[in-house]
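Chemist: In case it helps, TrEMBL gives these features for our protein:
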type: TRANSMEM; residues: 20-38; note: transmembrane segment
type: TRANSMEM; residues: 45-61; note: transmembrane segment
type: TRANSMEM; residues: 81-107; note: transmembrane segment
type: TRANSMEM; residues: 146-173; note: transmembrane segment
type: TRANSMEM; residues: 193-216; note: transmembrane segment
type: TRANSMEM; residues: 237-256; note: transmembrane segment
type: TRANSMEM; residues: 262-283; note: transmembrane segment
type: TRANSMEM; residues: 295-316; note: transmembrane segment
type: TRANSMEM; residues: 328-349; note: transmembrane segment
Amino acid sequence: MGAGLARTPAQRMVLKGLSGFFGSAPLVCTAGSIVDLWSRVERVYTFPLYAILSFIGPLVAPTPGSFVAVARSVSWRFVDWMTIILAGIALGLFVLCMPETYSPILLHWKAKQLRRLTRDPRYRAPLEFKRVSFLRRLAHAMYRPFVLFATEPIIMVFAVYLSAIFIILYTFIAGYVSIYEKVHKFHSTQTSLAFLGVLVGVFLAAPFVPLAMKLVRKDILRSRSQGRYYVGPEISLYMSMFGAPAIPIALFWMGWTARPSISFWSPIGSSVLLGYGVLCVFVSSYQYVAEAFEYHAASALAAVQMLRLISSGVMVYVSEPMYRKLGIAWTLTLLGAIATVFLPVPYLLHRWGPIVRRWSQHAQSEQE
């Protein structure tokens, strides 16, 4: 609401920054709730569903936004009012329908209920023995992501990896104006429809979920037949291993076919491939971090999310000068080279992840 009522660019930037700060919480907390509610095998399905729904908003939003911007019947500020309406509906559903899922809190509530019903003071939850105030727990939850980021190699690797992937994604999307409006002479509403190509790629990742599920089940059964009941989170990396090569391919494809002599369907096709690759990497990375730090999943994901959002947000302002100075082909070639450098990450972690986790103070390992 504040951004919609802002009168100067500075006011709007500050208020938009605050909305991004507070709006980042659902992405982290939702992943933590998924870990609380579903088993490891079930999360092979629930994490992709969560990721697909997370991507729909940013990829669909430019389309109605562009139509509002050119409409004569409403002000451009109606974009902010649309956001407020949707956020209000989501908040209402969350408050009315979303239960607590964190097991220590649930045990605390259960113990209180049993004491009330039985009048027996012996019912106590582990959380009550710590005798920590709410403010102390809040402060601990606030600084734990920074501690994990500074001390955990896995968090550092995935924070940098996902930051690179989302820098690539947002720089890629920022080039749509240069590619479609300047090269193919689209108007703004047509350009916004081109965003849906990435969304199609996001949905195309869904058929690979059953294959990943089959491989996960196979790994779990093999481990149990060998007498090992703990299976490392490396089995969560299959989706990333399927999708990571698609990202540099899509960037090189877009970079060297975005020209007037080639149909606009070619860059749209590359955006489909990019959407597929980014979704696969996002799903696997979040699932790996959540399973490696199961008891601190929300804090671990907050540490990853922090660097990813800051770095990709900065690229919104950097990308346009890049396209202007380097041109479309070389900007996307540079991004493709960066994606190629990070391409081995899921494969290396699938092989060496157990060794890296042994260095960790918080990640789960076979030794536990």
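Using N, Cα and C of the backbone, Cβ positions are placed for all residues, glycine too.
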Chemist: Go through 45-61, 81-107, 193-216, 262-283, 295-316 and flag the stretch with the largest number of C-beta pairs under 8 Å relative to the transmembrane segment (20-38).
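Modeler: Highest pair count goes to 295-316.
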Chemist: Among the recorded stretches 146-173, 193-216, 237-256, 295-316, which has the greatest number of Cβ pairs closer than 8 Å to the transmembrane segment (45-61)?
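Modeler: Per the Cβ count, the answer is 193-216.
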Chemist: Please figure out which one of 237-256, 262-283, 295-316 racks up the most CB pairs under 8 Å against the transmembrane segment (193-216).
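Modeler: Looking only at 237-256, 262-283, 295-316, the most contacts with the transmembrane segment (193-216) come from 262-283.
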